[in-house]
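Just below is one structure, and these are the notes that go with it.
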Amino acid sequence: MSALTIFADNGASEPLWQSTDADAIREQLNAQGVRFERWQADRDLGDDPTPEAVLTAYQHAIDLLVAEKGYQSWDVISMRADNPQKEALRGKFLNEHTHGEDEVRFFVEGAGLFCLHIGDKVYQVLCEKNDLISVPAGTPHWFDMGSEPHFTAIRIFDNPEGWIANFTGSPIAEAYPRLA
């Protein structure tokens, strides 16, 4: 189940607000300029789908986003617990960073935790299958896929070069809960 937990950005351990209600999550995030929607990830992809199979199955969703915002490229990120690079990738994504473009993800299976540092708050968004999130360009954030990751998401880009991060050097991510 998707969830949003909001913390103060001073490392406070007590949440300011929490919900698993999709409408409440959307309202909170939209107020911060973050797009959050529940889409339908209802295609049978099998146990370990290829990126090509995922893109073919969800081309209709990609086409909607491209028509709406003019995105130029897309790919699939898929991570499983048996991936030999999981620890290195988790460490990379756990560092606070920004992008020069919106970070758009449509989760078609599994889950991951987007942590958005907006103003004086940290918004932890547990995204699961069916969730579409678009983090605005320039928003400091990090992503936790957990120690035993299992997710597949379609990534949509303005930049044909794909995922390019600008790391902030802030240790803030170390102060907040992570996925197990």
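Cβ coordinates are placed from backbone N, Cα and C, and glycine is handled just like the others.
Residues or ranges marked as Fe(2+) binding site by Swiss-Prot on the basis of sequence analysis: His97, His99, Glu103, His141. What Swiss-Prot records for His97, His99, Glu103, His141 is Ni(2+) binding site, and it gives sequence analysis as the kind of evidence. Taken from Swiss-Prot, the feature site 'May play a role in metal incorporation in vivo' applies to Glu96. Residues or ranges marked as site 'May play a role in transmitting local conformational changes' in Swiss-Prot (evidence: sequence analysis): Asp102. Annotation source Swiss-Prot lists site 'Important to generate the dianion' at Arg105.
Shown here: features listed in Swiss-Prot, placed on the structure.
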residue	record	Cβ neighbours (10 Å)
Glu96	site 'May play a role in metal incorporation in vivo'	19
His97	Fe(2+) binding site	21
His99	Fe(2+) binding site	19
Asp102	site 'May play a role in transmitting local conformational changes'	20
Glu103	Fe(2+) binding site	23
Arg105	site 'Important to generate the dianion'	20
His141	Fe(2+) binding site	24
Cα proximity to His141 (Fe(2+) binding site), best match among recorded sites Glu96, Asp102, Arg105: Glu96
Distance from Glu103 (Fe(2+) binding site) back to Glu96 (site 'May play a role in metal incorporation in vivo'), taken between C-alpha atoms, in Å: 14
Between Arg105 (site 'Important to generate the dianion') and His99 (Fe(2+) binding site): CA-CA distance (Å): 14
Output field, Ni(2+) shell: CB within 8 Å of site CB centroid, site His97, His99, Glu103, His141 dropped: Thr98, Val135, Thr139, Pro140, Trp142, Phe143, Ala165
His97 (Fe(2+) binding site) in three-state DSSP notation: strand
Integer Å distance between the CA atoms belonging to Arg105 (site 'Important to generate the dianion') and His97 (Fe(2+) binding site): 16
